[in-house]
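Following: one structure in structure tokens, then a few remarks.
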């Protein structure tokens with residue numbers, strides 16, 4: 001499959017697309033923000049970067065198990081992060097955090113709808129020009145390639161349709177709206193192309209693999225490149241390639257300690273799940289778990305093809321490859337059937353594997369990292385001055401290169417704005433308005449007042465999670481993950497009140513942070529007095545719109 005010509009205004013292969021005839025002095029001036037650690041000395045090629053992003057792939061429940069080739073080709077050849085988190089356990093806010101390097105309260109994407117700023121005109125106007133790919137393209141001279149799922153509302157007619165190509169992308173091969181495997185439409189540099197249900201030409205994961213390999217043949221050899229490949233797997237509808245549809249027949253969702261138990265002393269939304277689950281519900285989630293793994297086998301093939309092609313072209317040793325997911329997932333934990341959105345480790349913790357120049361093989365890092373760090377890291381690799389950005393994240397490059405005596409964060413923020421229906425669900429008349437994502441047995445995965453903010457703390461002394469809900473209770477959940485890794489026991493009422501106050505203080509500071517102030521929660525003020533009702537401005541409004549004032 002051949003790529004269509006570049007999007008309007010992009011130059012073709014065969015000459016550098018940035019200042020093809022400028023003097024060396026002028027080139028240094030234009031790329032001055034990207035000199036960094038690599039420089040632009042004669043004969044020096046700045047590294048290439050590939051970012052592989054899956055959809056809903058967990059880390060806690062064994063989501064990396066099917067990807068044997070990926071673990072061998074990326075993880076074993078580089079570094080695996082064992083404590084990688086997302087700032088929101090939902091596709092669009094998390095992907096926006098990757099692109100901008102910002103927490104949701106700073107990029108203002110709060111859910112998967114246009115009203116929640118997902119690929120809205122406001123997002124396009126305010127955030128897209130400042131994403132790290134836009135900086136790579138405009139300031140660092142990288143050719144940039146995107147293939148796959150962008151944001152859940154991308155292609156919506158009210159936000160420019162498929163003709164809209166975000167700033168910063170030289171090659172654009174994006175899926176309309178949410179993940180599918182067949183019968184979808186792609187925007188190819190702003191032109192729509194429909195795909196059907198013929199496996200050999202339409203299976204999306206394979207299409208992304210083919211067009212990515214094509215880019216490596218088609219690209220300019222005068223510029224470094226950045227590739228972002230965002231697969232549909234393992235997102236529903238969990239359609240595996242034909243050759244993998246019988247794989248993992250003896251695999252079941254993990255029966256860990258928090259599987260199919262009541263969410264005692266948790267937020268009401270978790271407590272409402274019916275325990276024990278019915279046999280039919282367990283069969284359904286076991287089947288979903290199995291199919292998710294099946295879809296990932298095609299991702300494993302994609303990774304292998306990509307690495308082999310980079311090796312064949314002689315570019316592998318000068319290329320950083322990142323592999324991660326936009327959020328985790330659950331299958332029966334606390335009797336919640338299947339979804340993400342919740343504050344627990346299974347939903348907010350993701351795989352993160354990196355290989356590249358200067359990274360020793362078979363490394364594991366326990367440092368607390370988040371997907372807001374990906375943009376700063378990639379810009380740092382390109383040599384861009386991070387002080388010129390307003391990103392909340394930190395560059396992982398010192399960790400990747402084995403820096404010693406490194407000063408690093410101890411806290412990351414997780415925040416989520418719940419969604420609910422305005423009317424009673426006709427299939428569940430016993431439920432009041434305000435819930436959503438409900439299953440036939442009326443177990444719901446979300447609600448308006450499932451709005452929460454958490455601080456996840458990892459240090460030499462603590463391995464804690466502290467969360468507050470924006471509801472009438474101002475409900476608090478606290479977990480000691482050293483003693484209770486499955487987060488079964490909420491210790492909010494038994495923990496030392498002084499420590500509780502410190503965690504609340506850190507959370508308040510992170511929720512009001514921006515840029516550099518997000519990288520540390522600051523020094524605890526001994527005069528601070530704990531009052532959880534200060535966390536949210538509307539003090540328990542059930543149908544909260546805490547972020548809406550920022551949408552322009």
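The count begins at 1 with the first shown residue.
Cβ atoms are placed via backbone N, Cα and C, with glycine included.
Positions annotated as signal peptide by Swiss-Prot: 1-36.
Take the CB of residue 326 (Ca(2+) binding site) and look out to 10 A: across all protein chains shown you find 27 other CB atoms. For 55, 56, 91, 326, 327, the entry in Swiss-Prot reads Ca(2+) binding site.
What Swiss-Prot lists as active site, nucleophile is 91, and the listing cites similarity to another entry. Cβ contacts within 10 Å of residue 91 (Ca(2+) binding site), excluding its own Cβ and spanning all protein chains shown: 23.
DSSP assigns residue 91 (Ca(2+) binding site) to a helix in the three-state reduction. According to Swiss-Prot, the 3-oxoalanine (Cys) annotation covers 91.
The record gives 55, 56, 91, 326, 327 for Ca(2+). Within 8 Å of the mean position of their Cβ atoms, the other Cβ atoms in that chain belong to 54, 57, 90, 94, 95, 235, 325, 340. Cβ neighbour counts within 10 Å, taken over all protein chains shown, single out 56 as the most crowded of the binding-site residues 55, 56. A 10 Å cutoff on Cβ-Cβ distances gives residue 327 (Ca(2+) binding site) a total of 26 other Cβ atoms nearby, all chains included.
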